Each structure stands twice: as structure tokens, then as C-alpha cells.
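Under the heading transmembrane segment, TrEMBL lists 21-42, 62-83, 118-138, 150-172, 184-203, 263-283, 348-366, 372-391, 412-436, 442-462, 469-486, 506-523.
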Amino acid sequence: MTSLRILFQMMKADYLERVRRYSFLITVLVSIFIVFKFIPSSNENYLTLSLNNMRGIYNSDWVGSAIAILASMLLSLPAFFLVKNAIERDVQTGVGQIIATTPITRWMYTMGKMWSNFVLLMSIVAVLIVSALAMQLIRGESYTVELLKLSLPFLYSTLPTMALVASIAILFESVPLLRKGLGNLIYFVLWIISLKFSTTAIHSSQDILGISPILTRLSSEANAGLPHSNGGHVSGMSPLKGDLLTYDWTGVHWTMQMFVERYIWLAVAVVIVAVASIFFHRFDLTRSSKINKKGKPSEFRKAEPHIISVHMNDSGIKLTPYTNVQGRSHYITILVMELRLMLKGLRFWWYLIAWVLIVLGLLLPMESVLKFVAPITWVWPILIWSAMGTNETYHRTHQLMFTATHPIRNQFIVLWLAGIIVAYLTGSGAIIHFLIAGEWESLKAMAVGGLFIPTLAVALGVWSGNGKIFQVIFMLMWYLGPLNKLEVMDFMGASQQSLDLGLYRYYLLATAILLMLAVIGRMRQVKIATKY
């Protein structure tokens, strides 16, 4: 009973501390906005979960199922980044060293963190359920509220998905190789694979996200309502072409067997946490110390201090006044140094793949460049951009950087320019191809995209204090926009529709706004640093 009480108190304290963070609030607000856009009014020019202009009436069954699918498919990506800092935060704050002196075992700690992650994510899901109810009433196609029918899709689909995300986050934090950016990219690949498997699954063992029964039922009833059906499947988001057709969807006929089979994934989540406890260091950070083959400390530990007294005659030393160097910042030199810092630590294979993408952007046909090469090119440097605006805080050099001479002009603007140079260098193959082919609209859209991405990164980094928010938002925008050609999210002109609408002009305006917000955020940081 004592162990359970310790576990509960640890979960409670961890949960209360995390819900007060800006990242949690941002995730909730963005989720509510996406719910609002995912249930479009009948006057909008697009549909969700539709087939040939046909969708279900916005009743409790349809709205609940639609938002549950949205939560399992899309929330599972940002949710991972939101909770993948539970162990790291205890290390940075020093709480971990206190926990290491207590009787809490590795398994108990990782299990407590996993369930804390799960409760945090289910809090967001609870907000989505309330948002779904609100959207049903706002759209006004059905005012009959059935809470059970609204909630069952979330209990079937979303709940086990969030448990899996919570446990995978703990596993990735426990395995040293997966703690940083590589683990984030691996999870993103796994997320895309899970989308593919879940949308085509024929059994619950293949349906990681728990969306197959809902999608199958939606497709079958939509086909039954169409006069000339070709047996198609509902699509996540599609343009409305012609008159809107609706039908009264009665939902999935849920059974106890379906829930039992689905909740096996909860057991999988527990197994994942058990595996994570094997790798968990239990805050013994001395494992990385250099130990010789005999298990003895390295020679530097045995060395005794050798102090030599040296007489210094400093009468002839002259120091340059600090105020005289304020206007002597060499921007090119600083810019080169900032680029070197950005690219420091990257392996040879990273440069090799970046070079291959540049060559492919030059040589492949224009259609292939727009469809595949250009989008992949600008997801490759995501880990470089995600560090913009956060390295000072992460490495605890902010007091030094923010109190230097003109930190905005001499460091922050240079940081922003370095991020833009990385974007243009990695995208140079496609940019040169557009220039040679005379694709001026694509060239302008690509140029704006190269400004938008690092500006978004530095703005989110300055205000959130970590790069995970940028990774989440950028990956979602990249997946929906350049990769799946959703016009409003296409920040680089990968689709002809976004070029025809001139959406890159709006992204140029957004870039200017984000840059102003980033500067304001950095000025705020400088003010706080110089205050003490």
C-alpha cells in the first residue's frame, strides 16, 4: 500500500507541475482550433471524412467519431513531444538526485512517469470531448446530445493510443540513443507507419490507432447512400465540388469483444514501460565517466594538484575599454561562427543525404521535385532549426549571451540569418531548378518558405524555451501541407492549388509577424537577464 501511495503522489506532483507549463496550454489551444476546423460548416469549401461530397450529419455519433479519429491520428504526434521530457526535467531540476536516495525502484519510477504522461494526455482528450460537444451544438445540424455515443469512440480509439504514446515516450527517454533528435525522427517515421497500418487494418492487432472500425463503417454507409457508388473510402479532408450530400450516421455498433481486443494495447504499453525500466539510469549520471579496462578511474583522477607560484607584473597591461568595441561586430565572421555552431556535431551521412537531395532537386523532373524532393529536403534540417532560440537556455549560457553588447543586433539577428542560410543551402537544388525552368511562382514560394521555417523555429524557441513545440507544429504542417498538398498548410508551394491562390504571400506576412514576436521575446529575455 505504501508503494501505491508513493506512486500516486509522484504522479500527482508530476501532473500538477506539467499542466502549468506553456507547452501544455499551447497544445490545448491548438487542439481546440483544429477541432473547430475539422468540423466545417456547410458553407465551407471543404469536407472531412467524406466520400464524393457526402458526409454524415453532425450528430453525436458522427462528431464524436470524427474527433476521436482526429485525436488518435494527429494528437498522437504532438502528444509524444509534449510528454517526452518527464525524466529529463527531473535531471535538470535536481529532483532526480533526491529520488535516487529514496526506495523508489526503477520500475516504479518509470511506471509512475508513464501514468503521469497518460493522465496529462487524457486531460487534453477530455478537452477535445467537450470541444466536440460544443461543435455539435455550434453547427446546429442536430441538437440531440447523446453523451455515451459521443464518448465511446474516444474510449475505444483514443484512450489506448494515448497509453501507447505515454509509454513510448518513457522508453525513448530511457534509451540513450533515442533521447535526442534521432529518437524524435524515429518516432515520426513510426507515426507515419502506424497511420498506414491503421487505415488499412482488418484486425485490431494491426490497428495501432484504433480507427479502422470507424473508418470502415463510415465508408460502407457513405457508399450505401450514393446512387453510383464505386466502393471508395472516406478521405480525411477533401474539397467540396458541387452540392453537399448528408446522411444520418448511426455510428459503430460497439461490443465488449471489440473493447477487450482493443485494450490489449494497454498491456503492450505496460510491457514497453517494463522494458524502459531496464535502460533507465536511475539518475546515476556517472556511467558516462571514463573508466579504464580494469575498472579503475582514469589517470586524471589520481593526479595531484601541482601548484606553481608565478609572479605577474601587470603594470604594463592595457585593456581596451568595453564601450569601444560596441560597433565593431564583424557580421560575416559572427555569421560563419553561428553556422559552424549550428552544423557542429552532424555526421558525415547527414551531409551526404543533404547533398543527394540537392542533386535530386537539380536533376529530377519538375513534378517529382515538387511532389517528393522539395518537401523531404526541408524536413531534413529540422533538428538544426529546432535548436534556434533554445540553445542559450539549454546550455545555461543565457546570462552570458543576453548581457553582452547589443545581443539582439549582434547575436539574435545573426542566428536568424544562419537558419535562413541553412534553408537555402539545403533547398538550393530545387531553387536552381525552378530558376532555370522559369517557374517563378514556385521560386517565390520556395524563397518565402526558406524565410518562414527558421523564423517559426526561432519564435517558438524563444517563447517556449525548447525545440519540441517547433518540431510538433512543423511536422504537422509539413505532413498536411507539402506532403499531402493541403493548400492552407503548404508553406513552400508544393501544390499547384496553393500557388494559384498565392498563399505564399500570406506566409510572407506570417514570417514578418513571427519575426517581430521573436524579437519581442528575446528583448524580454534580455531584460530579465540584465535585471539581476
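Cβ atoms are placed via backbone N, Cα and C, with glycine included.
All TrEMBL annotations are machine predictions without curation.
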Query: Excluding the flanking five residues on each side, which residues at least 6 beyond the ends of the transmembrane segment (506-523) place their CB within less than 8 Å of a CB in that stretch?
result: 389, 407-408, 412, 416, 448-449, 451-452, 455-456, 458-459, 462-463, 491
Task: Report, as numbers and ranges, every residue of the chain located at least six residues beyond the transmembrane segment (150-172) whose Cβ falls under 8 Å of a Cβ in that stretch; write 'none' if there are none.
output: 60-61, 63-65, 67-69, 71-72, 75-76, 79-80, 83-84, 86-87, 110, 113-115, 117-118, 121-122, 125, 128-129, 132-133, 136, 178-179, 183, 186-187, 208-211, 213-214, 251-252, 254, 258-259, 262-263, 265-266, 268-270, 272-273, 275-276, 279
- line: Quick tally over 62-83, 118-138, 184-203, 263-283, 442-462 of CB pairs under 8 Å to the transmembrane segment (21-42) gives the top stretch as 118-138
- prompt: Any residues 6+ beyond the ends of the transmembrane segment (469-486) with a Cβ under 8 Å from its own?
  reply: 23, 26-27, 30, 74, 77-78, 81-82, 184, 188, 192, 237, 374-375, 378-379, 382, 385-386, 453, 456-457, 460-461, 492, 494-495, 497-498
Message: Against the transmembrane segment (184-203), which of these stretches has the most C-beta pairs under 8 Å: 62-83, 118-138, 442-462?
response: 62-83
Query: So which residues does the transmembrane segment (412-436) touch in its own chain, when a touch means Cβ under 8 Å and the partner is 6 or more beyond its ends?
result: 331, 334-335, 338-339, 342-343, 354, 357-362, 366, 369, 373-374, 377-378, 380-381, 384-385, 388-389, 442-443, 446-447, 449-451, 453-455, 457-458, 515, 518-519, 522
Field: Sequence-remote partners of the transmembrane segment (118-138) [C-beta within less than 8 Å, at least six residues beyond its ends]
entry: 11, 15, 18-19, 24, 27-28, 31-32, 35-36, 39, 58-60, 63-64, 66-67, 70-71, 75, 79, 82-83, 145, 147, 150-151, 154, 158-159, 162-163, 165-166
Field: For the transmembrane segment (348-366), sequence-distant contacts whose Cβ falls under 8 Å of one of its Cβ atoms, 6 or more beyond its ends
entry: 373-374, 376-377, 380-381, 426-433, 437, 439
